[in-house]
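Chemist: Structure below; questions to follow.
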Amino acid sequence: MGLLSDPNRRRALTNLLTRLNAPICVVCYLAGVMWFMGLAFEPFTLRTYMSENAMGSTMVEEHFPAGERALATGREFAAHKKKVGGMPVNWLVKTMESRGLEVFTQSFTRKLPFPDENKERYLVRGTNVYGILRAPRASRTEALVLTAPCSQGNANNQAVGLLLGLAQYFRSQVYWAKDIIFLVNEHDLIGMQAWLEGYHHTNTTGGDWSPLHGRGGSIQASLSLELSSDVITSLDLVLEGLNGQLPNLDLANLFHAFCQKIGVLCTIQGKLQRNDWESTSGYSHSAQTMMLMVLKQASGRPWGDHGLFLRYHIEAATIRGINSFRQYKTDTTTIGRLLEGMYRKLNNLLERLHQSYFFYLMPSLTRFVSIGYYMPAFGLLAVILLLRALDLWVQLGASAPGTEDGLAEREQDPRFLPLLNKLVISHMTGVALYCLPVMSQEMAVQHFPVSETEAVVLTAIAIYTAGLALPHNTHRLLQGEGTEHGWRVLKLVALLYLAVLLGCTALINFSLGFILALSLVPIAAFITPPLSAAIMVLLSPGCTLLYCVLIFQELQETPVSLQDGWMLFLSVISQGILDHSLYGSLVYPLLALLIYPCWLLLWNILFWK
Amino acid sequence: KRNQCYFKRSLNVVCTSRFWFNYRHVANTLSVYRSVKRLGIPDSHIVLMLADDMACNHRNPKPATVFSHKNMELNVYGDDVEVDYRGYEVTVENFLRVLTGRLPPSTPRSKRLLSDDRSNILIYLTGHGGNGFLKFQDSEEISNVELADAFEQMWTKRRYNELLFIIDTCQGASMYERFYSPNIMALASSQVGEDSLSHQPDLAIGVHLMDRYTFYLLEFLEDIHPSSTTNMKDLFKVCPKSQCVSTPGHRTDLFLRDPGSVLITDFFGSVRKVEITTDTINLTAPMVHLEDTRPVRELRTEIQTYMDQLPVAEIIHQKPKQKDWHPPDGFILGLWTLILLVFFKTYGIKHLKHIF
């Protein structure tokens, strides 16, 4: 007889499973965490290398000469920006035309669901200006994009100046095989979203923008430049995009190759690379870099203007110039040469970047772990859920002894009904958490002395905590529960639901899935009715978010007190809701509509009586 | 004694790679083309096949040029390049058809290799290759067996007198391993298992301009002039391992003459022999048909001999093939030692005398 169909052997197996279940789960959890932390250990990572043949080993001598002129243009831009009090559209159009580009503008309006207190905007109206450099001899089938944001105040003036300087230099060359689009976008991400939607003729987020009159073909790659000082000490590369999507690793390899060639200090996550991987401090440095990347990816928001390009399968990255207190400074001409070299390499591309990895984590700029190496960490956590589900299945099967399948089903049928009730109620709470904060802000403002943003955030937290009281309240409404084993069925369903949810999340955004798994898997695995409610609340998704915020601040070397951390937490919630409605970020709907109801199901188990 | 001057020269120069980063293969081909044109071979005798247009590639910072030396010293594209097969026309099928002459009647003369049994042919191939194959256009391959069979077809159809085959790819020697037709001499830039390396990157154009073997071949050919007496033995010495990093190879066992007596200009140059006479020739008398004074028996005897296609005698008598002696494998040695040890252990050393 087979292993599973022989009743004796099956009983032996299930006994083994039941006996060893808890120890195996604990071991798996620890192994998952150790595996994840081990990813930052240098011998377990791979050195980055250029995978694309077309962007091969040969380099060109860069000749960009006009760094000082670019800075002068940047100062002119700043003056005009201050005079107009926003984006100096006419001046930009005139300047770009004088450099020989085909210039077009796009105006857009956007009404945010509630005022954004971080950036102080509610009704946004702006204009994007972009100039297209047509390839002298090629047909207009492909394009590259260079963007610099038009920010308020004194930020990013040098970036726009350098962009215009590069435009003038590029215009006099004959070797461009793709059109180059120089874009200055207003209101950073909102303007970028409007431009991209206009370019690709999609409208997914309900913005209002004028159609684009000039196009350049399908965009192969894009770089966003953020430069706020005349000289810099290092260049920072930002990769994380919307919903945790990352550009092809070849783009990061390209950046690093040019940093090495030109001799500019390059960082990722703002952290320099260290050579002493054997020492504890060296290892913790890599681990911190990797954790920063994981947290940024998990937040699902675009961390630079490039983040919105990734959705259209355009490889994009943001290069940020940082001016700190080092002695060795790099001037604008050198940055211009670096960008010139990168664009000449991208010019040689024959197809979109696809040879290197799309899913990776980087403990430092020259080391990476690919999805094949980091996914087992999540797999070990997911296995815990499956083991517990199996264990429950065995227990449920054993608690109905001697009944055939048909009888057992009929017996279990009424047991599923209160289950269905709880499922529906949990999901309705989730829907309320998703819809009500934004919808009821006016009512909240009328009744309470708070601003709209605070109203939205506090409503969300209120609904979240109200969900905690649900089991008590719904008890009186529903009858027919309280069977001794009813909670096991609920737990089984919740475990499988959580496993599917976390699995799907980890496939799309590994960091988000892993962080949620870290906090949710232990409670899901070990919850039984007489468990402490405090632990449940401490490991709930909301509190996980709070811990992440605190850890993020700690890793950024700007630790905050609990008070400031709480305020930051509130602003993170509001940003999450805004990201969802403005750019289509999926983190807030995922947490509100799926993770929170799942957690509520588990919360219901606590109060099963 | 047959004078090589009376033999026509024909060339087939082929570049099989496309894409901008394979610039050097086009530069290789154009360099050889330019050298033979300089030595006097006209375009009507050259079939030039280039798989991609580097001169007019959008990425070329100097349009309408292909350089073979860095710092743009030497433009091998020039003003009078005549490309016969261009772009997607460079396929394995077209290449083999050109060699064997099996072209549709509508093919123009410039696309045909107009050779007969009094032609010395030079074939130069470059691109990406491997052990036993050469890659055409990133989509197909020609194997060394196919090439050998094509040359045999050429021999059977009397399409060449002597053939010089030069190949500059990785593991190029594998391509001439299978030749079995007579009168072929072959050179390759690297042995099996070795990669042919590229030579000079140009920092303004951003690509490698030439491969090493062809670079030094070009340098060697620049010293040849139509009346030079350099022979093939000097050509074999081009690009030793110190310059090329790979080991160039050659094959002369199928060639009937001694390589030392073969001049470079027999293949690369077109030589016109001029005879100065001081006698006057009377042109007023009518033409008189000369008698056919060639002895008949010359037509009857076969000057060339064919290689034995099916060595029946060897097969029947089970003569062992002339293989290089390899020392026995370590494994085989070890196995036999083990067997012997076990035998002697079991049965004792005194049985030794029964064996020997």
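Just so it is clear, glycine is given a Cβ too, placed from its N, Cα and C backbone atoms.
TrEMBL annotations: computationally assigned, not manually curated.
Taken from TrEMBL, the feature transmembrane segment applies to A:20-41, A:371-396, A:416-436, A:456-474, A:494-521, A:533-552, A:586-608.
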Chemist: With Cβ-Cβ distances below 8 Å as the criterion, list the same-chain residues six or more beyond the ends of the transmembrane segment (A:494-521) that contact it, or say none.
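Modeler: Distant contacts of the transmembrane segment (A:494-521): 29, 33, 36, 243-245, 293-295, 297-298, 300, 359, 361, 371, 374-375, 377-378, 381-382, 384-386, 388-389, 392, 539-541, 543-544, 547-548, 587, 590, 594-595, 598-599, 601-602, 605.
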Chemist: For the transmembrane segment (A:371-396) against the transmembrane segment (A:416-436), do we get 3 or more Cβ-Cβ pairs below 8 Å once near-sequence pairs (under 6 apart) are dropped?
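Modeler: Contact criterion not met.
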Chemist: Where among A:20-41, A:416-436, A:456-474, A:533-552 do we find the most Cβ pairs under 8 Å to the transmembrane segment (A:586-608)?
Modeler: A:416-436
Chemist: Based on Cβ pairs under 8 Å, which of the stretches A:20-41, A:456-474, A:533-552 lies most in contact with the transmembrane segment (A:416-436)?
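Modeler: Answer is A:456-474, with the largest number of Cβ pairs below 8 Å.
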Chemist: State the residues, same chain only, that lie 6 or more residues beyond the ends of the transmembrane segment (A:533-552) and have a CB under 8 A from a CB inside it; answer 'none' if no residue qualifies.
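Modeler: 291-292, 295, 298-299, 461, 464, 468, 515-516, 518-520, 522-523, 527, 560, 565-566, 568-569, 572-573, 591, 595-596, 599, 602-603, 606.
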